[in-house]
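Listed in TrEMBL for this protein:
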- 95-370: domain 'NADH:quinone oxidoreductase/Mrp antiporter transmembrane' (DOMAIN)
- 44-69: transmembrane segment (TRANSMEM)
- 75-95: transmembrane segment (TRANSMEM)
- 102-120: transmembrane segment (TRANSMEM)
- 140-157: transmembrane segment (TRANSMEM)
- 195-214: transmembrane segment (TRANSMEM)
- 226-247: transmembrane segment (TRANSMEM)
- 267-288: transmembrane segment (TRANSMEM)
- 320-338: transmembrane segment (TRANSMEM)
- 358-377: transmembrane segment (TRANSMEM)
- 398-418: transmembrane segment (TRANSMEM)
- 430-452: transmembrane segment (TRANSMEM)
- 506-525: transmembrane segment (TRANSMEM)
């Protein structure tokens, strides 16, 4: 197991070097080509970048699994199935032929079924069957699509039919795997899997497979007949998943529904025709959502497997670094200033509202984006702002504090670098003209809030109870003190006015003005 982690880390390093140094290369490997049975792999910037992020997330999740599933008897079986899943995801990412795509797509569905089934109780069996049957429906759509494409290659079907009706099958395939509107039920049900599986499978791999499939076929899918369909389905998925996450009590399901909302957001971006921007948002989401799943899993593990948000209490006793990492990932999820979510979200929002006349869909999109803040605050409140129950906690390792630190750093800084180098966004405008006033506005609101809190919370009680009551009794008891108090005020006021007059006279004389001239000027003005 240690050797496999070392090898994964080594390949992750090679992937990072390739992403950093070779952003423009495209490499195709053709191993076998016989009719539709072919082994073709394409290495270009999008696939290599996604594989680099996938390596990073997989490396963190494998280490997290050794902590989270420490005493499990079937750990080797879990590790084997997880590596099969990751390998099939890499194969799907790089594949460029029908055979390799179908093979990796089927392997994804089968290995995710066994991973969700890991605990082997009623809940995990139900979730695994729901996941498997929904994904088999998507496999059927994909098989029919590729079968008809082979028919079209032999001229049994016209190209117009291929590019119109068969594209609908490809869309339905992507909707089943990415859990879009008609097929969304399997994603919250799959949360009965162990949390490391949720962190890897349901944040950065399985749910993104459908979107990656659409991006590979974007020249076929992104036409005027289907692009509005993708946009509306993505909007509706965003909206109802955001609403559902506001009332869900199981906190892992809240995070799963937030994943569903962000998948809908990427689908909306794809529906706008922004394939590469959707991919960038997908990459940044994979980073911070896997980190968020790890933090939530750590808190659930420390609370003895408790997942109901109503039963948490006193989680502030957990290490501060865990709380800080979770807060940063929630900031990235909301798209706050200077995080990776801010770049892609700001760009998508700007392009959505710039030339849009659909009032109903615009309102739905705005409410869905706004509800992101709602369920993020609800998640934070359920964990750290509830003190109604008495529960014990334990924290068994210091290493968990620093495990997802790389994910947090990449969540904050990676897309910043990507924006400066790749996106045609005027970065100075984006970060100075737009975020500068927001920073100052936030500082003004924060300082005003702190001042008001100090005045109303701290000084009110002291003033009313200590100073005002005591001094009013003293003054009423002895009028001599009141007389002295008034005389004191009078003398202070007189000296204030006198010193102000002397200062003004001195200032005017330093500017070579005569006080008589000023008086005559004021008299004529009156």
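Just so it is clear, glycine is given a Cβ too, placed from its N, Cα and C backbone atoms.
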Contact call for the transmembrane segment (226-247) and the transmembrane segment (358-377): at least 3 Cβ pairs under 8 Å, seq gap 6+: yes
Region pair the transmembrane segment (398-418) / the transmembrane segment (267-288), three or more CB pairs under 8 Å: yes
Remote residues contacting the transmembrane segment (102-120) - C-beta distance under 8 A, at least 6 residues beyond either end: 74, 78, 81-82, 84-85, 87-89, 91-92, 95, 127-128, 131-132, 135-136, 138-139, 142-143, 146, 177, 190, 192-194, 197, 201, 205-206, 209
Same-chain residues near the transmembrane segment (320-338), Cβ under 8 Å, at least 6 residues beyond its ends: 258, 262, 284, 287-289, 291-292, 295-296, 298-299, 344-346, 372-373, 376, 379-380, 383-384, 400-402, 404-405, 408, 411-412, 416, 435, 438-439, 442
